[in-house]
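This report refers to the structure that appears directly beneath it.
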Amino acid sequence: MPLQEGAKSKGHSTRAAVPSSIWLQLGEGAGETGETMLTLRRGLSLKVLRKGVEETCLWENAKQIMRPDDANVAGNVHGGTILKMIEEAGAIISTRHCNSQNGERCVAALARVERTDFLSPMCIGEVAHVSAEITYTSKHSVEVQVNVMSENILTGTKKLTNKATLWYVPLSLKNVDKVLEVPPVVYSRQEQEEEGRKRYEAQKLERMETKWRNGDIVQPVMNPEPNTVSYSQSSLIHLVGPSDCTLHGFVHGGVTMKLMDEVAGIVAARHCKTNIVTASVDAINFHDKIRKGCVITISGRMTFTSNKSMEIEVLVDADPVVDNSQKRYRAASAFFTYVSLSQEGKPLPVPQLVPETEDEKKRFEEGKGRYLQMKAKRQGQAEPQA
């Protein structure tokens, strides 16, 4: 897919929409004119002026057609495929911004994805339009908001399918453990900065809380009964290769999210034995980096069911098999919500989960609390529109 020239330019600043299926890699060094060369995986290149610009490019657009290998047997695009596109678009714009001033070169690494709702299914043959915008920067992090639209190119119909908020941190190209400072952005209103600071503090607190409660692991059970947690729990083991990684040698956040969604989908399908689709993803927290050569285990287990939805907890553990100095560690965690669909695409009742152990009953009640909280939030948002 060729690069598409954007329609907005001011002073020396430029804009180009990069297909989100192409990962951004930052080349070493910069020229006398202040141009940074961004080298893309497929051999394409894009010049972005970074010195003396009057306006920093804070938004990014990308397009990609959905193909059969992006979807399930029913033709619905995998939630993991969409999450990967969202993350790649966010990485491009945040890396670009973090290198918009003179200083040490860096690549933006994904730290967290806020709750993401899948508002409408996307199908094979439709075009995904991914737009990303930087909405807040702290001293060491960037908030990016991403919208995904699907387009039926036969009828021209477009619909909003996803809205997501992601947080990135800039890591030095010379020292991956060094987090660099983020160039500040100029807000059109003071309220925008204040609201962004509140979101930053809230996600920072939640990330700390989530990391402390991630000690348990998913254990296999022999001959489990149907509708129990053990019956549908699933694991996937993946050896991290070069194609999974950034130029730092660490796994792309989008790759991890896609694998997490695959495991969650297997759990949901095993439980209800119907066509299933991703309805939402609760906040995904990336607790630690995953290095090339690690063996990662992605485990999923059902935690809660309502009448028409299933909550699945997904845990990612990394085992640095070539490094005896480091033990297995928790790299990421999230809750996925799935719904069961008929052949006509209508929601179906979900078999009710049967928790057996005290831990399973506790997780069920916690999942019920999250479900009721989100249900009340959606009802509250709908009432003013009535």
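Cβ coordinates are placed from backbone N, Cα and C, and glycine is handled just like the others.
Unlike curated entries, TrEMBL annotations are predicted automatically.
Feature annotations, reproduced from TrEMBL:
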ACT_SITE  Asn72  active site
ACT_SITE  Asp261  active site
COMPBIAS  359-369  compositional bias 'Basic and acidic residues'
DOMAIN    56-174  domain 'HotDog ACOT-type'
DOMAIN    230-344  domain 'HotDog ACOT-type'
REGION    357-386  region 'Disordered'
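Distance between Cα atoms for Asn72 (active site) and Asp261 (active site): 12 Å, as a whole number. For Asp261 (active site), the same-chain residues lying six or more positions away in sequence with a CB closer than 8 A to its CB are His78, Gly79, Gly80, Leu83, Thr278, Val281, Phe336. Residues of the same chain lying 6 or more positions beyond the ends of the region 'Disordered' (357-386) and with a Cβ under 8 Å from any Cβ of it are 216, 229, 280, 282, 303-304, 306, 309, 311, 313, 335. According to DSSP, the compositional bias 'Basic and acidic residues' (359-369) comprises 11 helix, 0 strand, 0 coil. Residue density at Asn72 (active site): 15 other Cβ atoms are found within 10 A of its Cβ, drawing on all protein chains shown.
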